[in-house]
Amino acid sequence: MSETASTNEEKKLPLNGRRAVPANYSNDEENDVPEMEAFGLIPRGFNPRDYLRVEDIYMFKEPQEINKKEHHTDRYYNPKLIVRRGQPFQIQIYFNRPYKPETDQFWLEFLMGRYPQQNKGTYIPIPVGDVLKPGQWGAKIIHRESNSVRLSIMSSATCIIGKFRLYVAVLTPFGILRTRRNSATDTYILFNPWCQLDAVYLDDEREREEYVLNDVGIVFHGNVEDIKSRSWSYGQFEENILDACLFLMDKAELELSGRGNPIKICRVASAVINSRDDNGVIAGSWNNAYDYGVAPSAWTGSVDILLEYYSSKQPVRYGQCWVFAGVFNTFLRCLGIPARLITNYSSAHDNNANLRLDFFLDDEGKVDTRLTKDSVWNYHCWNEAWMTRPDLPVGFGGWQVVDGTPQETSDGMYRCGPASVQAIKHGHVCFQFDAPFVYAEVNSDVFYTKMEKNGTQVVEGIDTARIGQLIVTKEVGGDGMMDITEEYKFREGSDEERLALETAVMYGVKKESIQDTTYQPQTDVEMDFQAQKAVLGNDFKVTITFRNKSRNSYTATTYLSGNIVFYTGVTKSEFKKHSFSAKLQPSSSSSFEIMIKSSEYMSDLLEQASFHFFVTARINETGKILAVQKAMALEIPALRIKTKGELVAGKETSVIVEFTNPLKQTLENVTLRLEGPGVLRTIKKQFGRIPINSTLTWEVKFIPMRPGLRKLIASLNSDALRHVYGELNVQIQKP
């Protein structure tokens, strides 16, 4: 006896005056559960073998068996039982003799973490009863034969999600006998969008197929005038991904008791997806230098990133907005929260949340980069997660914005959301979390302001339509684009839009009125700017058009500045300066073409081949200034993917990836990546160089694992050329 007493002494916890039990935020840690819990002194003749004893527990955990099929978890590459909450599942218990309900008594126990407590939902005793109540813990016998019983077990529709340990306990007159710890009976419980009582319930089967079960998605990028798309492999069912996602909640130190609440999970996840403040999953880099890491454009999906983080526990380098959003989407879908990836074109990054982005002009009408602090991202990706919001008034549930890209701090950490899309649309930005920031990303106005010598600011132009021009996501059940701008904002200029803005201002969004500044718009001359679509490495032309609606002749001193920019709208370098004087005849239009040569831009080009043109014109007769800006991106050639031979599950076949160098220079340090969820794990290959005009060919042999329609995704990365993608839909036959 003394020996056990001394070991118990060692296991005593360090005292903490504030709480009786230490914080419980590791799903992996365990406590010791006694196999015999005595009620007092045990009489000499007691032999546990005389009582009902559990010999084996069968979990029906194979993908083709009832539990995983009915719970839509049959695609997880994981040998353990995975079920969704609020829905019954079955197990079979084998005893040493037939079960006698009159005299035998047994129950189940689910435990999580090191300090299981019933009131925290981390210790769940389940007695065997006669009926199952919807959405509440319970168990009943549905079948008995010889020495075994089959149970139907109902989990609570609000229970915490994660990995539980299962014990079966049998009552004897002298104590409780428990089964030995057996990791084979561990049970994962996830969110359940199919269950009406679950906070993430989604009532449309096609949407559940897309937003929970689809493991490939599309990222829309480029800019409004020239939308580009690429596939992204979410891979939420791949091996070890579920464990990696649960580890993220441990890393974020979310108490186990809070893990039944999708609002809390989204909030902590939006902080842990980025590495700022908490050594989270991905380190962001926007400066075109990716030493000791992978360029953001080279990733083809989330799996490599999550698995690397899970094993190294160190931030994975590097990501930009679509990478943060892609990994966040994997996390949400993996846990069973419906989620989708959103792209907002012309996204405002406003440094002081006043719904106004200021571009300051100098005397000549050029942008003053010293004074201009705000930036317009060509596009920005975030996520929406679907859930009820019992913490807000009725009507603000449904899609919620969550954003893992580190932009601004919220409650002291780099995170954003969940913010109700409905609240953003109607201007109710008082409702948590971070609604004013998202409202500004889609609704700000662009002000062109001239600084006079005496320090006064003169507003030369206001563009109310530029920001949040288009908000999109992948369509349900296809690869096309779905425009969801109307879910975020009312039509530009409508009464409802004004009302939503007034509501947002009432709730504290800063909006400076036009009266505060001197502003007389130029109305009798309009200026427009168009850029010709062009392939990377070619020359192209841009056109400036003036429409003089007055009866006067004017001359306009016009200045064009062409800049190479990061997709965040931040300038790297000015590569083209061109000024000319334009004669504008009364009541007529005149166009001026300017040639942009590849030799002017190639040396400084950044990976997304994005340009930003800024045109200002001063009407000499009136002193008025016209300003217009436009983003454009060059066409980047694609990788070609083709398969060789027939595609049958379990049979070796091969895929060929080809790329022809389009540039007038040799490509150095070329890396190719190829992956396909459910088809093949990511394969990487380094190639030294691809000379001008020559074609690289790479053949990969692989054995597809599962039949069905699948997608292969490839990317190419090199010093001079990035953001090169290719994809192919493949139909894998049954053997």
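Backbone N, Cα and C define each Cβ position, glycine as well.
Checked against TrEMBL, the range among 1-29, 117-145 recorded as region 'Disordered' is 1-29.
Checked against E492 (Ca(2+) binding site) by C-alpha proximity, the active-site residues C321, H380, D403 yield H380 as the nearest. Neighbouring residues of the recorded Ca(2+) site, listed in sequence order and excluding N443, D445, E492, E497, comprise T464, A465, I467, G468, K489, G493, L501 (Cβ within 8 Å of the Cβ centroid). Comparing the Cα of D445 (Ca(2+) binding site) with the Cα of every entry in C321, H380, D403, these being the active-site residues, the smallest distance points to H380.
Summary: among the binding-site residues (E492, E497), the fewest other C-beta atoms within 10 A of the C-beta are counted at E492. The average pLDDT computed over the domain 'Transglutaminase-like' (313-406) stands at 91. Across the domain 'Transglutaminase-like' (313-406), DSSP classifies residues as 15 helix, 41 strand, 38 coil. Here N443 (Ca(2+) binding site) comes close to A348, L355, I467, G468, K489, L501, A504: these same-chain residues lie at least six apart in sequence, with C-beta atoms under 8 angstroms from its C-beta. With H380 (active site) as the anchor, the candidate recorded positions are C321, D403, E497, and the one with the nearest CA is C321. For the recorded positions D403, D445, counting C-beta atoms within 10 A of each C-beta gives the highest total at D403.
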